[in-house]
Amino acid sequence: MVFSAVLTAFHTGTSNTTFVVYENTYMNITLPPPFQHPDLSPLLRYSFETMAPTGLSSLTVNSTAVPTTPAAFKSLNLPLQITLSAIMIFILFVSFLGNLVVCLMVYQKAAMRSAINILLASLAFADMLLAVLNMPFALVTILTTRWIFGKFFCRVSAMFFWLFVIEGVAILLIISIDRFLIIVQRQDKLNPYRAKVLIAVSWATSFCVAFPLAVGNPDLQIPSRAPQCVFGYTTNPGYQAYVILISLISFFIPFLVILYSFMGILNTLRHNALRIHSYPEGICLSQASKLGLMSLQRPFQMSIDMGFKTRAFTTILILFAVFIVCWAPFTTYSLVATFSKHFYYQHNFFEISTWLLWLCYLKSALNPLIYYWRIKKFHDACLDMMPKSFKFLPQLPGHTKRRIRPSAVYVCGEHRTVV
């Protein structure tokens, strides 16, 4: 079949469109005079084997294949932008102030510098840095619907994000293992010095894992299809291996270890509760005349000690549950986006990314609220630091406050605290 092609006159200018064609076509072509100039052939990237005013000629089109990339963002409607921005502002405000108060309490008050509280302060410090170095830029990206801070800071922000995330997970893992050793193995090995050493090791390890993102290895897509640089679809085996590695370190391995620890703790608490309830009260009464009241103190002391340990375990369990709810969706999303081209290039990927990132950031805001709710020392210290004009919450009268040291009742080490 013979086609007739009519070419319009040549107009100078630039074009950002790349046409990818792989064809061998036979055309009946009559070129206008403007196209017969020899200087125009490099611009057209056409190689003409034969050309004649009339008759059959051969046209070979050679070009380089360039994959088409969909638009970076799908524009968010105004109500959704306002909603997401308001949520982000609330999370940013609570995360920064709440975790700052936790850090200041541990730093300023010597009584708060127990091993567990030092670990919680490190977790709060990581959450506070996440609020300062990541959340504001994600908020600006939501308002502008595009990343405006350049390629270098996009990579650096991705490094900060995973650095603080891995550090927070490491602290939660250390606390869970410590609870397991205390309750199940009855080994109380953690002290403030060892806690500081573990914190230093965890920060160094987290930095080593996250640093390759800052130097472009793996090379993230910029601009990203999310409010910040995230993992995207790729066929690079090294890129895919890094995503799997960071997912294992930041979620799956800690999840399995913490879950195993909590199952062991639950089993131990169940056996101890049965032993306490089955303690023969008659034996205590029969021995009272010989041993005084010491025999009567044992079941009471065991009950109080188990109540302390159970409350401490419950607090860590709540932190673990919040971690799972906030991070499981984002971890799954990162893996699917890396290996599924269809998922990564779908039209609402930006909106999905935003909601899942906001859920991750929500964990940083919930942690200080959990400390305030569950840990009495943090609750009291927070009220003491608060100016009198801002103390709206009702407080117990002074004569009803506990006046004895918790260690006197709970029989804990001096470096322990009520968690």
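Residue positions begin at 1 at the first shown residue.
Cβ coordinates are placed from backbone N, Cα and C, and glycine is handled just like the others.
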Is it the case that Swiss-Prot assigns Met112 and Lys376 to the same side of the membrane?
yes
Leading contact stretch, 82-104, 116-138, 158-177, 197-216, 316-338 vs the transmembrane segment (353-375) - CB distance under 8 Å:
82-104
Across 82-104, 158-177, 197-216, 316-338, the most C-beta pairs under 8 Å with the transmembrane segment (241-263) come from 158-177
Which residues of the chain, 6 or more past the ends of the transmembrane segment (158-177), have a CB below 8 A from one of its CBs?
116, 119-120, 122-123, 126-127, 129-130, 133-134, 195, 198-199, 202-203, 205-207, 209-211, 213-214, 220, 228-230, 246, 249-251, 254, 257-258, 261-262, 316, 319-320, 323, 327, 360, 363-364
